[in-house]
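Data block below; observations after.
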Amino acid sequence: MTKVLLSHPPRPASHNSSRAMVWVRKNLFSSWSNSLLTIGCIWLMWELIPPLLNWAFLQANWVGSTRADCTKAGACWVFIHERFGQFMYGLYPHDQRWRINLALLIGLVSIAPMFWKILPHRGRYIAAWAVIYPLIVWWLMYGGFFALERVETRQWGGLTLTLIIASVGIAGALPWGILLALGRRSHMPIVRILSVIFIEFWRGVPLITVLFMSSVMLPLFMAEGTSIDKLIRALVGVILFQSAYVAEVVRGGLQALPKGQYEAAESLALGYWKTQGLVILPQALKLVIPGLVNTIIALFKDTSLVIIIGLFDLFSSVQQATVDPAWLGMSTEGYVFAALIYWIFCFSMSRYSQYLEKRFNTGRTPH
């Protein structure tokens, strides 16, 4: 019996290294200009990153309670640790801050079921949540009844106030902006003209002017002895201002839909509101998810303008802490911390927007 010996060729070496070299050559050194730009970026990172790491981590001061404890040449993160409560809660009484934490916990727990795919009556649940949860938050934070000590809104501040203004602003501006977008495309001249006037007026006025008018000028036109809380006036101004931008974003989605969608709804004998609610708006809102999230991110960052009317959000609380004589010279650490918080929230919203785009396949336009 003859034995046949089969010789197997050696396995080819891994192509990972060669693929990496091809990618580097194609994307970083494909031309002289690209090579110079790559080398310049490498040099810039070499010059900036090591000193930054040295300042932020290696030579940073982490332990202590006063400015005198910051003896190293790096960042004084002791300042952030000692003023963290002010950055998060503003001037809210220290012994009452558990109320804010409880409101946040209730919000997180109650929002979680909205992401369940098997949640029955999802629409009713969201509608009930939108009505009940703000009342719970107001009761917990403001108090004044049911054995809770009253805490005036002038004591609210920090990241808490930033989140309140941003969330209430977009929650109020979204439905109002949708109505304005529908009104601007209405066949009724009066409705269309009024919608156009409202949108163009608020789009032509800076937000800082709106806040100033709501806080300083509005009380001059009110009856003597009548007063409205400063935070309420600011929230109303933010909602009116932001609704104009939401309206234009939604109008872009409405214009992107082909006429066939309207004709299909008419063939089913659907009325105007059923057509908009069941056929048009779901598709239009799906198309403008990036624009809506961009508007939300812009509003979140614009909350820092409330300092003009004496409200101290996150950024204003950091500024207030840096002028404290006990912590002079800590402005860099404070602004870096504030920038990091803003970046975390804005980046998270941006990533969630990308998730929604992929989930709803916003790249496809209905035919």
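Note that Cβ sites are derived from N, Cα and C of the backbone, with glycine treated the same way.
Both MET21 and LEU278 carry the same topological domain label in Swiss-Prot, so the record keeps them on one side of the membrane. Remote same-chain partners of the transmembrane segment (163-183), defined as residues 6 or more beyond its termini with a Cβ less than 8 Å from a stretch Cβ, comprise 130, 134, 137, 156, 191-192, 194-195, 198-199, 231, 234-235, 238-240, 242-251, 254, 276, 281, 292, 295-296, 299-300, 303, 306, 313. Looking just at the topological domain 'Cytoplasmic' (255-291), the mean pLDDT is 90. Of the recorded ranges 37-57, 100-120, 126-146, 193-213, 234-254, the transmembrane segment (292-312) has the largest number of C-beta contacts under 8 angstroms with 234-254.
Within its own chain, the transmembrane segment (100-120) has Cβ neighbours under 8 Å at 89, 92, 126, 129, 133, 136-137, 140-141, 160, counting only residues six or more beyond its boundaries.
For the topological domain 'Periplasmic' (147-162), the list of distant contacts is 86-93, 96, 99-100, 139-141, 229-232, 300, 303-304, 306, 310-317, 341: same-chain residues at least six beyond its ends, Cβ to Cβ under 8 Å.
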